[in-house]
Every structure is written in structure tokens, then in C-alpha cells.
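Marked as ATP binding site by Swiss-Prot on the basis of sequence analysis: GLY614, PRO615, ASN616, MET617, GLY618, GLY619, LYS620, SER621.
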Amino acid sequence: MKNNDKLDSHTPMMQQYLRLKAQHPEILLFYRMGDFYELFYSDAKRASQLLDISLTKRGASAGEPIPMAGVPYHSIENYLTKLVQLGESAAICEQIGDPATSKGPVERKVVRIVTPGTISDEALLQERQDNLLAAIWQDAKGFGYATLDISSGRFRVAEPADLETMAAELQRTNPAELLYPENFEPMSLIEHRHGLRRRPLWEFELDTAKQQLNLQFGTRDLIGFGVEQAHLALRAAGCLLQYVKDTQRTSLPHIRGLTMERQQDGIIMDAATRRNLELTQNLSGGSENTLAAILDCSVTPMGSRMLKRWLHMPIRDIRVLTDRQQAIGGLQDIAAELQTPLRQVGDLERILARLALRTARPRDLARMRHAFQQLPEIHRLLQPIDVPHVQNLLSQVSQFDELQDLLERAIVETPPVLVRDGGVIASGYNAELDEWRALADGATDYLDRLEIREREKLGLDTLKVGFNGVHGYYIQVSRGQSHLVPIHYVRRQTLKNAERYIIPELKEYEDKVLTSKGKALAIEKGLYEEIFDLLLPHLPELQLSANALAELDVLANLAERAETLNYSCPTLSDKPGIKIMGGRHPVVEQVLKEPFISNPLTLSPQRRMLIITGPNMGGKSTYMRQTALIVLLAHMGSYVPADQATIGPIDRIFTRVGAADDLASGRSTFMVEMTETANILHNATEQSLVLMDEIGRGTSTYDGLSLAWACAENLASRIKAMTLFATHYFELTTLPEKMEGVANVHLDALEHGETIAFMHSVQEGAASKSYGLAVAALAGVPRDVIKRARQKLKELESLSNNAAASTIDGSQMTLLNEEIPPAVEALEALDPDSLSPRQALEWIYRLKNMV
């Protein structure tokens, strides 16, 4: 039986529940029942599994037992956090009617909907990570993509041209929740993601989207945002905005504009590159030993989030990058001092979002007040800094003296968590509130006086006055003296050793006190809403200030990191090439216990490709990755881990580094490797930086060497990209002799007996040998296996040396040794002196057949 079949056969309470559930069929409905939120039917079963709570039954309705699960109302946020992390959504249904006046079930309604992408509550968010809601649209023209961070109001759109670019955007933004149309075709792109929401096609209708967006921004058209013709992106943005309005059920004044993100504005990195460079997530899925882990010592959560956005979106605008470099240089002397007041500013960005949604809690307002109190000190520290970008940011940080004064007068020093707890509004702010509070607070004095008076008047030494949450105020007398109480004492409660009474005077006072407490709380709630009304008109300036403070935090952090980690300011040139003196890997140098060996690198139009050889563990991958990371850091405006660096124009960074089977998609290591290689060969340009590590190792020697040769040749001669090409195929070291713009470098090692010492130093020229067996021994491969391998190596080297010299050129090359025909192998194995005449004749026929 479906839950809503034959509604009339259910109890009135279950009828109410089923009507509400019908409005939210796809998400869990938490239905308030006294001190619990309860879930019924299929919701109860799902919640029991997801939240690990007991599944029970609650009586019967329509003749069937009702599956039920529940959580205490005061623990709801903990359970919502777990649901959100699992990509689930929930509707919170509260009692809004008065039980005393209700006929039948108390009136209830859904007051908020919690989804992974629309949360703004501090308890549900990770403070140092963006939490994005996204929507995707796809048709024959390409993709439309929109993201919104409801906790900041940051609204972005893009139009990725193809599947690879869309995959890179999804990895970069990593949305907590993704809306997609019901006819979406490339499901392989999104099917493994959490928080997927299938939406009807009409929600992506273009005209409706434009209308919704103009209504939100208070504009007649979208030309001012530069998105009027971005039809694919606008479809996604319209669906996203409607979804937010449906779930938040309030106005969204902090969402005030839309920004178009264009590929050409930044350095493009595909999904594989972001993963391989371990910017914010390591290859194991954690955050340890990533670039962000080393670079992010920001003192505010909003600064930390901005830094990670910069890491994932390196830009090409030299003017902006120069501004950032100059700001970092200007802040180095005061970075530590500036971080002290910035730390006290806290997460102003998200507090303002909760203010806009009218969900800010008392402690949010106290934190806002504390942030305002830091602004004069920030101004004092920054005013002497003669750097245009610093002064521009400072001009965006207003000093909100009036708002600070309002919050200092209105909010107590240490407010409670919730307004409903009372005691949020400070004494002296509102005379009427003070009067009602005085009445409620005077209860203690009155009760003390009443107790003394009654005890002396009646001569009952066990008499005392108290309060109980269930029965209210009472006069308690021991059982032994209860027969002495006067007739106007009305029994209210009997205990084992005492009786409790009420008298008209106490009852009258009880009504007065309870009324005063209720009245005081009602006035407080009204005043709290009024404070919102006084703050909200200043929201645009507040958001501008919060954004500027976040950027100042990022720049001060980068200044501190540059000083502490010995980074230098790179030169950004308009001439092609990369020249690095004393370059270091920013993460590896911090993790290593021994000193990191720095290395130079030169790429130019005359030296476009480096063929990198050397032993495993010698540092080839580190050398390649550090180059990409130095380029990336330079294009986010940061100083870099090098003695000196000059970086020319870069449009893309590609990495083909390492690989593993993609079991989820049914792709082998080699297939993953070739897919990434194809992407590079199709999309790289002269201004791209390409890292190719051990290409072709996932197949046979001949196939692998052929592919590696052809790829290197293509990158060097046709594409002319700046390429670092690490390989174990020593045949490739002859490429510089045959092609212009190609050079050999190697990482050296010293072998002593069966031990090996890696020098980690990059030298010009090709490596002399591979040291593979020494590395195997170092890894713990048994000695007898190493010994047998050395024997086999000598045999193979002997065969190779005795064979005809290989001739390798671009059109035809002999790879290692030609394959030996079976007839030749048979002849080599034959001992003619041991054959009889008959056997010799048989061998002639056999060899004839082989040939």
C-alpha cells in the first residue's frame, strides 16, 4: 500500500503527515512530535540505515503498523550534518500551532529544507572549504554550468565546450550538490558523484531563467553581467536559482550578481592535471602533503577558501598578478602583526550570508560586532603601506561605527546559542523589555519573602516555597506537619514525605511571572528581527568589506609563507619560455628530513623539450612536478620556491604522470594513459607546459617505445609545446641529434657494490644507465632474484652488443634488436655433431617448413 492511499482510513495525525510528505516525496521528512523529530514508513527505514538509529513501530494506522525512527530535537543538527555528508536532503517540519487551542493535530509546516548545496548553518559547513550548489545543462552546442555558494552569495557560470573541459570544471569546483536535467545524456560524467538531483526539463527553460535572474538582481536585462548571450549557462543558472528559492523559502539579498568565467582568462588544467599536481587533495583523497597544506596558513576561514580558489584558477592577467606580487612584497614586514586583528575578524563572509537569509544566530551577531572592533587596527597597520593594491583593498574595508554601536548596545557580551533561549538583548536597549524582565527576575525576592512570612505565621519549620516545570509554583510542607496547614491551602501534588500546595496569592503571582517571561521573550524576538532590518540595508558594503578582508588575509599569508619558506618573486615575461634557477618542490622540501637539492630549468623556443632520463627514485617526477607548481604559483600571484624564476606566457598545464586502472569505468592503466595522452596531443599549444612521464610503459616494449617516440616527435615538431618528457627508453635520447629544440638532461646516481646513492641533481646530457636492479634491491626484492636478474641482464646486454648497430631516425627505426626468426633460433640451438644422417635429413625438412 502506498503511504497516501485511502487517506481517510488513517488517523488525523498520520493524515497530516502524509499530506506534508506528499509535498516532499524524494527527501527525508523530519516531523516534530514533542521533544523528538520522527520519521515514518520508507523514510524511517532509510534514516535507520543512514543514521544508524533504531527502527521501531508506532501503533497502527489504516490497520497497518507504522515503521518509525526518531531523533531528539536538541540533537537534530548532528544528524543533519551526517545526512549532508552522505549527499542526502531533509525537510524539517515544526509545530506552528498552539496545542492548547488546537482541535485535532497541532498545525505543522515545513519551515526549512536542508540540502548539501544550500546549507549556510555553521554546524553543517566545513569552514575552510567552499560549499557549492551546481547545475549542469547539455545539448548539441555544448555544456552550460552554474555554481552558487549560498554561504557567500558567489554566483558563477561557464560554458565548457566539450566533455573533457566539463570534467575538469566538475573536479575544480567539486559541488556538494548537482542539479541535472532528466534527459541528460553523458551520465558517465556525473554518475559517481554524491548529491545528484534530477530536475524536470521545464526548470531549464531559457526565458524563465532570464526572467528569474533579472528579478533576483533587479535588472531589465543581463547585458551588464556579460552573460546575455550565454544561453547554455543561463539555463543552468535559472534552474539553480529556482531550486535555491524553493529550498530556502526566503529572499536572497546577498546574491546580487552573476560572473561569467571564461577559459581564456586563466591557465587551463584538465581533471588529470589537477589530480596529479595534488593542489588541495592528495592522490589518496586526503589533504595531507598537498600544495594547499603547505601554503595555507590563512588566519580566517574566508581567506583559506579564497586561497584554494586561487590555487585552482591561476590567471593570465599580468596586471592583476603584478598587483598581488607588489602587495605581498609590501606586507612582508607587517604580515605577522596584521594577522593578529585579521584572526579576530573570523568568517564574516558566512555570517553575512546567514544575516541575508535571516538565519543568523545571536553568536553570529556577537562575532560580527567583534569583527567591527578590529577594523580600526587593520586601518592603522595598512595606511602606511605605499602599495596601490593594498590601498585599494583598504578603501573597500569600511569602518562600520554605527553598526558596531548598535550591536554593542543591543547584544549581550556572551549571548546564548538561540534567540528562543532568551537573554540575547542587552539591558538598557529597550525600556519595555527591561520592565517585563524586572517582573520575571523579581520572582526570587518575592518567593523568599513569602516563604519567611508563611513559615513564621503558621509556625511550620518544614515549609518552603519552590518551582516545578510541570506543576509551577508551590508551597511544600512535610507529611508530619501537613495537618496544620490552613484551609485556603489547596493541595497540588503529593510526594512520599511531603505535600505541595498552592494559595491564591501564589497562583496570581505565578500567572504574572509566566506571562512576563513569555512577554519578555516575544519582545526579544521582535527586537532581534528589527536588528536584522537595521543591518540588512548595509549588506552590499559589508560583503565588499568581507571580500577585501579575505584577500588581505590571503596576501598576508603569502607574504608570511614567502618569508618563512624562502620564496622569491618571479618575473612574468611576455617572451615565451621558462627559466628557473635553484627551483624546489614546495611540498617535498617540507616533507623531506634531509636538505632538498634545488635544480635549474631552461625552456625556450630554441629548447622546447627536455628528454629526462635517470634512475627510478632519482627525482624525475619531482623535477617535473616542481616546474608545474612553480608556474602555477607564479600565475596566482604568489612568490615561488626558487632562487630566481622568469615565466613566459602559459595557456595550459598538462600532466601525464603515473596512472592506475580506472575500475569504475572499466579502463585499464594503459587506456587511462592513452586517453590522457590523446587529450594533450589534441589540445596543447605552443604556450602550453606539458609533463609526460614514462609514456608507453603500459604496453609491450616495441609498442611503448614507438608511441613514446611518436608523441615526443609530435610535441616537439608539430605542437612545439614546452615539454618535460621523462622516459626509460634510452633510444629517445637520440632525438636531440635528429630534431631542433630538443635537449637531454638526466638525474644522476652513484652505485657502490649493491648499494645506490641518488644525487637528485639535474645534469645536462643523457643518463648512462638505469640502476633498476639497485632500486629493486633497495625495495627489498630477495637477493636470489636480484642475482638471477643480473645474470639475465648480462645475457641481454651481450646479445644487444653483438647485434647490428641500431639505426634510429624519424621515418624508420630499429627498436632494440629485430625479432629473431624461429628458423634461426632452431639453428642456434642445434648441435650438428650429435645428429645421425636420418636426423639431419629430418631437420632439413623441418627448417624448410619454418622458412
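The count begins at 1 with the first shown residue.
Keep in mind that glycine also has a Cβ here, set from the backbone N, Cα and C atoms.
The structure, with features from Swiss-Prot marked on it.
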residue: GLY614; record: ATP binding site; Cβ within 10 Å: 29
residue: PRO615; record: ATP binding site; Cβ within 10 Å: 23
residue: ASN616; record: ATP binding site; Cβ within 10 Å: 18
residue: MET617; record: ATP binding site; Cβ within 10 Å: 18
residue: GLY618; record: ATP binding site; Cβ within 10 Å: 26
residue: GLY619; record: ATP binding site; Cβ within 10 Å: 24
residue: LYS620; record: ATP binding site; Cβ within 10 Å: 26
residue: SER621; record: ATP binding site; Cβ within 10 Å: 22
Note on ATP: the CB centroid of GLY614, PRO615, ASN616, MET617, GLY618, GLY619, LYS620, SER621 has further same-chain residues inside 8 Å, namely LEU747, PHE758
Reduce the DSSP letter at SER621 (ATP binding site) to three states and note it down.
helix
